[in-house]
Structures are given as C-alpha cells and as structure tokens.
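**Q** Below you will find the structure I want to go over with you.
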Amino acid sequence: MASQLTDAFARKFYYLRLSITDVCNFRCTYCLPDGYKPSGVTNKGFLTVDEIRRVTRAFASLGTEKVRLTGGEPSLRRDFTDIIAAVRENDAIRQIAVTTNGYRLERDVANWRDAGLTGINVSVDSLDARQFHAITGQDKFNQVMAGIDAAFEAGFEKVKVNTVLMRDVNHHQLDTFLNWIQHRPIQLRFIELMETGEGIELFRKHHISGQVLRDELLRRGWIHQLRQRSDGPAQVFCHPDYAGEIGLIMPYEKDFCATCNRLRVSSIGKLHLCLFGEGGVNLRDLLEDDTQQQALEARISAALREKKQTHFLHQNNTGITQNLSYIGG
C-alpha cells in the first residue's frame, strides 16, 4: 500500500465522496429549482463501472476507508447495484454509503445491501407532505418514508437523514423532527444552507446558523459525541431518552475545515480537493487500464499538495460549485 493521503496541513484523508451522475429527478429549491439541465454530458459520459473500480482501488491503496456514492441521484443509474459491488471489491474500504433522495429506496434497498452497501443517507427537508412537495418539486413524501422503513427491514441498523436548514421553512420544526427520531435509530443531520453560484438569493433569504439549534439541543440536555477519523463533518449529539441522534453540519463555523478528511471525484472523473474549490484535477485518462494504477495514485497524491487550508465561503467565493448536484454536495 502507498502512504496515507496527507496534505500540507497534516490532515489525513480517509473518506472519498464519489459522484456517479449529476442527473436528478427532484427539483429541490436549494439545488436544482429549475430541474436537471444536461451540460453536454450524456449518460454514457459518466464514469463506467470499470472506471469506478479503478479509481476506488487507487484511493483504497492510498488509505481510503469510506466511500460515499453521490449524485445527482445515484440510484437513477441502472448499473447502481453493480457499482456498489465494484467498490466492495476493495477490502480496505470498510464503509460504502449512498446519499439518495429515497425515490427508489423501497424497491431496491435490499439489493443494495446484498451488493455491499453499509450506510444510507436520505434527504428529507420536511416531515409535512405538502411542504416536502413544495421543496422538492415531487409529491413523493410517503414513498420516501416507506423507503426509510424498508431500509430498516433490509437490515440497516441506522439510517441518516439529511435536512437542509432554512429560515422560515423548517428551522422552527425542531420538535417535530425530535418526535420522529425519539423511537427510531435515525441520525437526523441539519445542514446549513450553503451559498452556491446559482443560489445567492436563496441563501440571503433563508440561511440561518446551526448554532441556533446547537444552543437549543445543549439546553435540552443533548450530549456532543466524539468524531471517528472517517466520519463526515457533522457534530453529532445524543440524548438518553432518544433512539435517534442529531447531527449539525455548519460550514460557516470557525475551524470547520480543520478536521477535513474527505476528497471528491466528480461523475466525469475530476478530483476536487474542496466542495467549494476551483477547477479540478482530471483523472480519467488514467482510468482506462488496470496497468495505470501507480500513475493514478501518484497524480492523486501530487494534487493534494495544492489543497487549501480553508474554503472561502466567508468571502462569498463559492468556487466552481454552481449547484450541489455537480460534484455531489
């Protein structure tokens, strides 16, 4: 095995977020309010199963322990189960997760688990069916809820739910969410609304700091848990009276980037050192053949020397991220 991926600031990288498509069938107000618009990349232009196998093999050799499959909506790929199985071939990768809108969860989650999936994140921004429809553009609330139930029935001991925190939309619904997770092993993760190139006005109107929720959780006796090295950026809180947990992802908080442990590869094979960074390092020309793995690992390691210490969101610099479907949020 090559040496562990480490940047100039001594941060070690155990976590790969791999986008496999930028296509999505939902029209979430904070991501794709006008729906998916092809950018010239057809379905045939996204990474193939073999390319995914090669890129995850290289990252596994460089110390990656966790891979999250993202999009767009990853389950829209017909070969999604094959993709899970391809990542699963790497013994060094202990966790394989997906972030999904839940559209196909009820139908397919058992097959995904059989293929090797170990974790699920489902996007649910409201527990009110009408508001869910208004936010996502899809009247699929009951279908998504049934999918979460199906995940538990398939054997997943915990399901993570992502909720984008928005002022005057859902920030006042904490009690509703807490009631939902009281007897369910769900880690509900409130994610601060982030500014993107296409979402400046939405951000100005609806952004609210997760600090508001954190203060309220602490007031109610919730306890801050320690992070594991391959965990994502959430600050996780537990309470003895609840089966579920609360996570807070606050990218505008001081020192948010200090614990960064993740890298991103887009659905067309570009390595992104930060969700809000500029450009990207092309890897695709080194994904054509198994014999290129050493060169691929070298390019990944070399690119890491250019990773910045922090993002520049506080300066209203969102980098290349025009919307969150592009490199998987």
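Glycine is treated like the rest: Cβ placed from N, Cα and C.
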**Q** Since Swiss-Prot lists G72, S123, M194 for S-adenosyl-L-methionine, which candidate among Y30, Y242 does it give for that site as well?
**A** Y30
**Q** On the Cα atoms of Y30, G72, S123, M194, which are listed as binding S-adenosyl-L-methionine, what is the maximum pairwise distance in Å?
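**A** Taking every pair of listed residues, the largest Cα separation comes to 17 Å.
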**Q** Could you tally the C-beta atoms, other than its own, that fall within 10 angstroms of the C-beta of C24 ([4Fe-4S] cluster 1 binding site)?
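**A** A 10 Å sphere around the Cβ of C24 ([4Fe-4S] cluster 1 binding site) contains 22 other Cβ atoms.
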**Q** Compared by Cα position, which of the binding-site residues C24, C28, Y30, C31, M194 is the closest one to C257 ([4Fe-4S] cluster 2 binding site)?
**A** M194
**Q** Write out the long-range same-chain contacts of S123 (S-adenosyl-L-methionine binding site), meaning residues 6 or more apart in sequence whose Cβ is under 8 Å from its Cβ.
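**A** Same-chain residues close to S123 (S-adenosyl-L-methionine binding site) (Cβ under 8 Å, separated by 6 or more) are C28, T99, T100, N101, G102, V161, N162, T163, V164.
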**Q** Which three-state DSSP class does S123 (S-adenosyl-L-methionine binding site) fall into?
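**A** Note: S123 (S-adenosyl-L-methionine binding site) is in a strand by DSSP.
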